[in-house]
Amino acid sequence: MSATEVMEECTETARERREEERLRNVNLDDWLPITSSRTAKWYYSAFHNVTAMVGAGVLGLPFAMSQLGWPTGVAAIASSFAITLYTLWQLVELHEPAPGGGKRFDRYHELGQAAFGRRLGVCLIVPLQLIVQVGTDIVYMVTGGQTLKKFVELACDGRCADIRLTFYIMMFASAQFVLSQCPNFNSISAVSAAAAAMSLCYSMIAFFASVLKAHPAAAAAVDYGFKATTAAGRVFGAFNALGTVSFAFAGHNVVLEIQATIPSTPERPSKRPMWRGVVVAYAVVALCYFTVAFGGYHAFGNAVAPNVLISLEKPRWLVAAANLMVVVHVIGAYQVYAMPVFDMIETVLAKKLHLRPGLPLRH
């Protein structure tokens, strides 16, 4: 071996050692998806929260109202709104008990560990959080495929070949595969903003189309009585409706992760811009939920479909546009719920399996 080759080998070995030393000293939080970028503005939290909360479940609220009736339905939705807003405020306050310099609970399970202890907190919180987030993403994947199929059917008006739902779900999954390469929460902010805008748009379409449907001539034929004829049917219908309302007010399991993207200083702690975004988000939530729930039930009564868009048969182009908006929304919502899961997986791979942080591990 020549002297030049020996020098090159020594240089390469030294370079590898420096890289290994750098990776050992790297702060994992500076690389993980949740905490690698803390430059978010208050409006980032607004549309992240809207995207996480105002899901396709809002379209099922008129059906929930039909199972509960006017008094109980209004009370259930209004109380759920108030309770979830209060509990979300608690999470925002708990994220950073000592603003600007103390420990930040950037992840839901970190707050659980502070409350219940390191081992018990992980055992209690992580399985439940994964069930909610992975389960929600599965629901969104199926919903995305179904609404995409519905959009194509409405747009083609019978002129296109019939394609199985499985292929539409695969199309939706392909889009998620591409978006999943985004490195952190802030990198999906544009996608989340588009999703939030779409959720507001299809909610308003559902509301205004329902209002137009409920003209005086048709209103006389609307029945607001319970559809179930037996006591058992009414009870099970009521429980199902309460579950629908509860599912509609989701999103709390990603609140701490959203706040983790906001910078914090002693003069301006992260809870201030976060709460400002939450207030805006809940104003949008109120606009969407109350209008769709009450407008849809008022228009169709107990004949409303589980998805109010199904009850709106015409105009065809408007219903098709609403379905496409649902597709765009669930594309963004999927990523909001998936990002904390990616964060957990990458943390385990880096800490437990001692894999080096970097693009090869992420991809």
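Backbone N, Cα and C atoms are what each Cβ position is placed from, and that goes for glycine too.
Feature annotation from TrEMBL assigns domain 'Amino acid transporter transmembrane' to 39-352.
Residues or ranges marked as transmembrane segment in TrEMBL: 42-61 (among others).
Look at TrEMBL and you will find 119-140 (among others) tagged as transmembrane segment.
What TrEMBL records for 161-179 (among others) is transmembrane segment.
Through the fold, the transmembrane segment (185-209) approaches residues 33-34, 37, 39-40, 44, 46-48, 50-51, 54-55, 58-59, 179, 257-258, 260-261, 284, 287-288, 291-292, 295-296, 308-309, 312, 318-319, 321-322, 325-326, 328-333, 335-336, 339 of its own chain, all at least 6 residues removed from its boundaries and within a Cβ separation under 8 Å. TrEMBL lists 185-209 (among others) with the feature transmembrane segment.
A Cβ distance under 8 Å defines the sequence-distant neighbours of the transmembrane segment (278-297), meaning residues of its chain 6+ beyond its ends; these are 43, 45-47, 49-50, 53-54, 58-59, 61-62, 64-66, 70, 73-74, 77, 81, 85, 88-89, 92, 196, 199-200, 203-204, 206-207, 210-211, 214, 224, 248-249, 304, 308, 311. The annotation transmembrane segment is assigned in TrEMBL to 278-297 (among others).
Annotation source TrEMBL lists transmembrane segment at 317-337 (among others).
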